[in-house]
Each structure stands twice: as structure tokens, then as C-alpha cells.
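Enquirer: Provided herewith is a single structure, encoded as C-alpha cells, for subsequent inquiry.
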Amino acid sequence: MRYVDWRIIPILAMVYSFALIDRINLGAAHTAGMGVDLKLLTGNRFSIVSCLYFVPYTLLQVPGNLVLRHFGVRNWLTFIVLSWGAIQLSMGWVKSWGYLVLCRVLLGIFEASFFPSLLFIISTWYKRHEVHQRLSAFYLISVTAGGLSPILAYAFSLLKGRGGLAGWRWIFIIEGAITLFLAIVTWLFIPTFPDQNTFLTPEQTALVLRRIDEDRGDAIPDPITLNKVMKHLGDWTLWAYGIMFMCAAMPSYAQSFFLPIILSGMGWSETASLLLSAPPYGPSIVTTMIVAYLSDKHKHRSGYIVVCVVICLVGLVLTAFAKQNEVRYFGAFLTNAGNSGAIPTILAYASNNVVSHTKRSVQTALTVSLGGIGGIMATTVFRAQDSPHYIPGLGATIGSQVLLLSLLAATTLRFMWLNKAVREGKRTKPLEDQPGFYYTL
């Protein structure tokens, strides 16, 4: 299983890190001069450019996940990485903000099913109480690389004037070229589902499948049908997971898009604003892995989500309402530490409480698609007229964390009641139609 870890997690995280960088580099490009060149400072144009990406990104995730097995993991994921890399590269030559909007919409179309597909693949390889550490490692490698995005953007922007192109254009061109290279890496090395893998021996594959069957009984995929998909979409807990992830995504996207701008509003220069956007991602590496280790060890999720969300809330309040810039900047560290711990824990909480490949496919896609709505909300509540403090946007983000805690309480109390009913013999039907299954709290 350690070999499986090394074969799966690094490659998926490396490719997803550039999906994340390609998605969130608008803030850095804006600070590096794109806002002036493409007249994004007029009205809410920057928010519109940021927001419209998430419309197809949200709508196409469930369909994209459902066709993953039909087209094959390697074929499907290589196609979408190649496509969004080409779009990212082309953004280096857009001449108006309208064409930038078009590119962002196309980027949303091709990136839509990538993240839920990766979550789906990872969750099929591990037992329920092993998956959190793997999701955290995957997420942290990706987010840490994403946290380097402002530094990479600054380095690429130093090419200003080369080839007659502005510095911000080089950000898109170079990052797009790297993504096209990663499409080749995806074709050669991307892992697939356990029952389809080619890198393990038949005996090793049998071991992996047996472990999954002993844990939750869904090692072999069930056929996907429309009736099953509609039944799973009618399960309110899947929507609750998605809305919790949406609330957790808001602080993440807000920091990615607007932290360089907020720092610029505190009085730092363009260079300092880009470079100072990276350090808040550092401490979250340690805190997230500690949370993942303890959560898997204790086979418990909800309590750790509460702790992480409260830390995130404290950070948001400091950034929004503190008077000293140093304290507001410290708030960004707390926001990231709490938010980075909460996101993979929510994903593990959701993954632990579903059974069958069809339901897992619907759950991962629905969760991440609603996370895309968190991106829409983050880009619309941070309005240009509120710059540079963005108090209304930060206030809305604070409210989203309160909603997250409320939904967490509702699902956890329901699971406690159902687990108790089964243990006491008051409920004869197995939970999730799987004998011996109990929900993870």
C-alpha cells in the first residue's frame, strides 16, 4: 500500500497543482498589469472574468465524472489537461477583456471534471479511515504548489518586454506550456481504478480489492444507471456535503484571487504584494497533516472540522476588522491554516459515508461542483468598489463558515441517531444497504 501511495498521490497532486495555478493566477496577473492593459478596473469586470469560469465548472462536474469509466481514465484526463493547457497558453495573447472572459469559460469547461475524477480515483483505493491522510497529502502538495503561484507569477512577469509582450502575458504563456507538458505526463503515468490498474501484480491487486471489500464492500464497480444517479441526487446528505465544501471553498478562493490586491491596499508595492501572498500557505502544511493523522487515527471527522473552521473564522475576523496591517496579514495565516485543514477533512467525511462506485461518483462530482459555487460567491461578493479592504466580502465569507458549522451539526446528529438505531436493533435495514456499515462521525 505504501507503493500504491507513491504511485498514485504525487502524480495526481502534481497535475492538479497546475490546474489550481491555472485557475487562480488571475489575481497575480491583475497585479502584474493585466488590470490596466485589459481595462479590468472599470466596474466589476475583474469579478466577472473571475466568476464566469465557475459556471461551466459547476454544471459539468457530475456529467464529467459519470463518463470517466466510459472513456477511460487515461484518455479522458489526458484530453482535458491538453485542452485547458492550450486555453491557458492562448490567454497570453488576448487583446480585450471580452476574449479573456471567453478563455476563462473554456477553461471552466475543460477543468470541470478533473478534480472530482481525482478524488473519485483516490477514494476507490483505500479503506475509509485511511483516505483522509491520502486526501490531505494530495491536497497539500497541490495547494502548496498553488501557494507558490504568486512567486512564479512574479518571476515570469520579469520577462516583461521580451518578444514585445507584457509581463502578465508571460505568466499565462509559460504556465500554459507547462500544463501541455503535463498532458504527456498524464498519458504516460496517470493511475486508474484498482480493478483496472496495470502497475500492480495480480496478487497485489487482489489484496487491494479484498481490503476494500472488507471495509465497505464496493471494490468492484456497480453499473451506472439513470435511476441510480437520480436516487443518489435525491439524498439530501450529498447536497449537505457539497454545501459544506462550498462554504470551505469561499475563503480558499477569496485568498487566491484577492489577497495580492488586499495586500496592495495595505500599502505594499506590486512586488511585495505578490511575494507576501505566498507565506500564509506555509504553516497550513503542518496543521493539515496533523489533523489528517489524528482524524484517521481516531476514525472521527466532525470534531476536527469544527476546530479548523473556528481557526479560519478567527483569521477572517482579524483580516476584516483589525486596525493594524500586520495583524490583518497574520489573519491570512490563520485563515489558510484552518481552511486547509477543513477542506480535506470535509472531503474525507463525505467519502467515508457513501457506498458503491455510482454513489461515490455522484458524491465527489456534486461536492466539488457546489465548491465551484463557492468560487462564484467569492468572486462576486468581493466587489471592486469595496477595494482594498473588501469588508462586505470578508463578512460574507465569515457567514459561510457559520453555515458550514450548522450543516455539519445536522448531518452528524443524523448519523449518530442512525448508528444508534442499528446498534440497538431498532432499525433492521442496513445503513447504505451494506450490512455491518456504520457512518463515520
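Each Cβ is built from the backbone N, Cα and C atoms, and glycine gets one as well.
TrEMBL does not curate its annotations; it predicts them automatically.
As listed in TrEMBL for this protein:
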- 1-424: domain 'Major facilitator superfamily (MFS) profile' (DOMAIN)
- 7-26: transmembrane segment (TRANSMEM)
- 46-68: transmembrane segment (TRANSMEM)
- 75-93: transmembrane segment (TRANSMEM)
- 99-125: transmembrane segment (TRANSMEM)
- 137-156: transmembrane segment (TRANSMEM)
- 168-190: transmembrane segment (TRANSMEM)
- 238-262: transmembrane segment (TRANSMEM)
- 274-295: transmembrane segment (TRANSMEM)
- 302-322: transmembrane segment (TRANSMEM)
- 328-350: transmembrane segment (TRANSMEM)
- 362-382: transmembrane segment (TRANSMEM)
- 394-417: transmembrane segment (TRANSMEM)
Enquirer: Between the transmembrane segment (99-125) and the transmembrane segment (238-262), are there three or more CB pairs that fall under 8 A, provided the residues in each pair are separated by 6 or more in sequence?
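Expert: By the criterion, they do not touch.
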Enquirer: Do at least three C-beta pairs under 8 angstroms join the transmembrane segment (362-382) to the transmembrane segment (46-68), pairs 6 or more apart in sequence?
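Expert: Contact between the transmembrane segment (46-68) and the transmembrane segment (362-382): present, because at least 3 Cβ pairs are under 8 Å.
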Enquirer: Across the whole of the domain 'Major facilitator superfamily (MFS) profile' (1-424), what does the mean pLDDT come to? Round it, please.
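Expert: Taking every residue in the domain 'Major facilitator superfamily (MFS) profile' (1-424) and averaging pLDDT yields 87.
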